[in-house]
C-alpha cells in the first residue's frame, strides 16, 4: 500500500477512535465509529485477494447495520427523553437496541458470525487492529451506558460467547480463526461484569489487547498463518516460539501470568454480586479455550514436524526481534505481582 494512503488511513483510525471515546453526544460518537469503519476497509482489502474483498464486504455490511442501530436507539431515546447525552440512556427499548448494536460491533454471540471470517481474510497486522483498536470505541460506549444496560441480557450473551468461542475454536487449523474465537470468549468475560464493575471490564480489555497484540506481532515476525506452518518455525526463532508458548498460557488465564489477573478479579466481583453459578459456568467454559491455547502452544514449541510435511524447515535468522515485541511480551507475562498497584490506578 502507498505510504501516504497508509498514513491517511492510520490518522483516520486515530481520529475516529478519539472522537468516539471523547464524545458526550450520540451523533459525534456515531460519526467516530463510521470514520473508523471506512478507514479500516482499505486495510482489510489491500491484498486484492477474493478472500480479502469478501472479508471487507462482510465487515462493511455488519458495521453499517450496527451503526444504523446505534443511531436508531439514540434517536428513540432522544425522542422519548429529549436527551442526546450518551450517559442519559433511559428508554428500555433503546437500551436493548443499543446492546444488540454494540454486540454486533464487537462480535459478541449471537452476532459473532462475521468476525472469524473477516479476521481470516485480513493480513496479520490488520487482524491485530480488528481484534484490539477497533473494539475499543464500542467498549467505551458500553462503559458509558453501563448503568442503563440489562444485566440478564448481558450475562446470557456473555455465557454464550464464552461457550461458543471455546467450542468453535477447538476444531480450527487456521491461527487467525483460533484468535478470532479466542477474542469472542474474552469478550464474554468483559460483558458479564460490565454492569457491576465497568472499570474491571476496561482493565480486562487493556490486558487482553496487550496479550493479543503480542501474539499477532510474533506471528507476523515468524510469518505463520496455520498450525502446520507453526510446527516448522521452532528452528527459525526458538526464543520467540518459547515466548509464544508462555503468552498462550497467559491468554488462557493460568497463574502466575498476567492473564490470570482479570479472570481472578471478575470471578471475585461476580461472587460479591451473588452470581456464583454464573462465575462457575464461565470458569468451566474457559477450559474449552484453554484446550486450543494449549494446542497452539504445543504446535509452537513441543511438536516436531513429521518427515512427510510439505513445508520447508525455516532456519535460524540473525534478524533481531523488535523492541516492541520484547516490551509487550514482558508485560503480557509479568504483571500479576504488581496487581495491587494496577488496582489503585483504575
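Using N, Cα and C of the backbone, Cβ positions are placed for all residues, glycine too.
Note that TrEMBL annotation is computational and uncurated.
Positions annotated as domain 'NADH:quinone oxidoreductase/Mrp antiporter transmembrane' by TrEMBL: 23-288.
Taken from TrEMBL, the feature domain 'NADH dehydrogenase subunit 2 C-terminal' applies to 290-343.
The signal peptide annotation in TrEMBL covers 1-20. Beyond its flanks by at least six residues, the signal peptide (1-20) meets 28-29, 31-40, 42-43, 46, 129, 133, 136-137, 140-141 of its own chain at Cβ-Cβ distances under 8 Å.
According to TrEMBL, the transmembrane segment annotation covers 59-79 (among others). Within the chain, the transmembrane segment (59-79) has long-range Cβ neighbours (under 8 A, six or more residues past its boundaries) at 26-27, 29-30, 33-34, 37, 40-41, 44, 88-91, 93-95, 97-98, 100-102, 104-105, 111, 114, 118, 130, 141.
According to TrEMBL, the feature transmembrane segment maps to 91-115 (among others). Within its own chain, the transmembrane segment (91-115) is flanked in space by residues 33, 58-59, 62-63, 65-67, 69-70, 72-74, 76-77, 80-81, 130, 135, 138-139, 141-142, 145, 148-150, 153-154, 157-158, 160-161, 163-165, 180, 183-184, 187-188, 191, which lie at least six positions past its ends and keep a Cβ under 8 Å from the stretch.
According to TrEMBL, the feature transmembrane segment maps to 152-171 (among others). Here the transmembrane segment (152-171) has long-range neighbours at 96, 99, 103, 108-110, 112, 116, 177-178, 181-192, 194-195, 275, 278, 281-282, 285-289, 291-292, meaning same-chain residues at least 6 beyond its ends whose C-beta is under 8 angstroms from one of its own.
With a cut-off of 8 Å between Cβ atoms, the residues of this chain six or more beyond the transmembrane segment (178-196) that come close are 103, 106-109, 112, 115-116, 119-120, 127, 131, 135, 139, 142-143, 146-147, 149, 151, 154-155, 157-166, 168-169, 172, 204-205, 208, 212, 215-216, 251, 262-263, 266, 269-270, 273, 278, 282, 285-286, 288-289, 292-293, 296. The transmembrane segment annotation in TrEMBL covers 178-196 (among others).
Long-range Cβ contacts of the transmembrane segment (202-222) within its own chain (Cβ-Cβ under 8 Å, at least 6 residues beyond either end) map to 124-125, 127-128, 131-133, 135-136, 139, 143, 175, 179, 182-183, 186, 189-190, 193, 233, 236-237, 240-241, 243-244, 247-248, 250-251, 258-259, 261-262, 265-266, 314, 321-322, 324-325, 328-329, 331-332, 335, 342, 346. Among the features that TrEMBL reports, transmembrane segment is placed at 202-222 (among others).
Taken from TrEMBL, the feature transmembrane segment covers 243-261 (among others). With a threshold of 8 Å between CB atoms, the same-chain residues lying at least 6 positions outside the transmembrane segment (243-261) that come near it are 182, 186, 203, 207-208, 210-212, 214-215, 218-219, 286, 289-290, 293-294, 296-297, 300-301, 329, 331-337, 339, 342.
What TrEMBL lists as transmembrane segment is 281-304 (among others). Same-chain residues lying 6+ beyond the ends of the transmembrane segment (281-304) with a Cβ under 8 Å from its Cβ atoms: 158-159, 162-163, 165-167, 169-170, 172, 175, 178, 181-182, 185, 188-189, 192, 227, 230-231, 233-234, 241-242, 244-245, 248-249, 251-254, 263, 267, 270.
For the transmembrane segment (325-345), same-chain residues at least 6 beyond its ends with a Cβ under 8 Å from one of its own Cβ atoms are 203, 207, 210-211, 213-214, 217-218, 221, 240, 243, 246-247, 250, 255-261, 265. The feature transmembrane segment is assigned by TrEMBL to 325-345 (among others).
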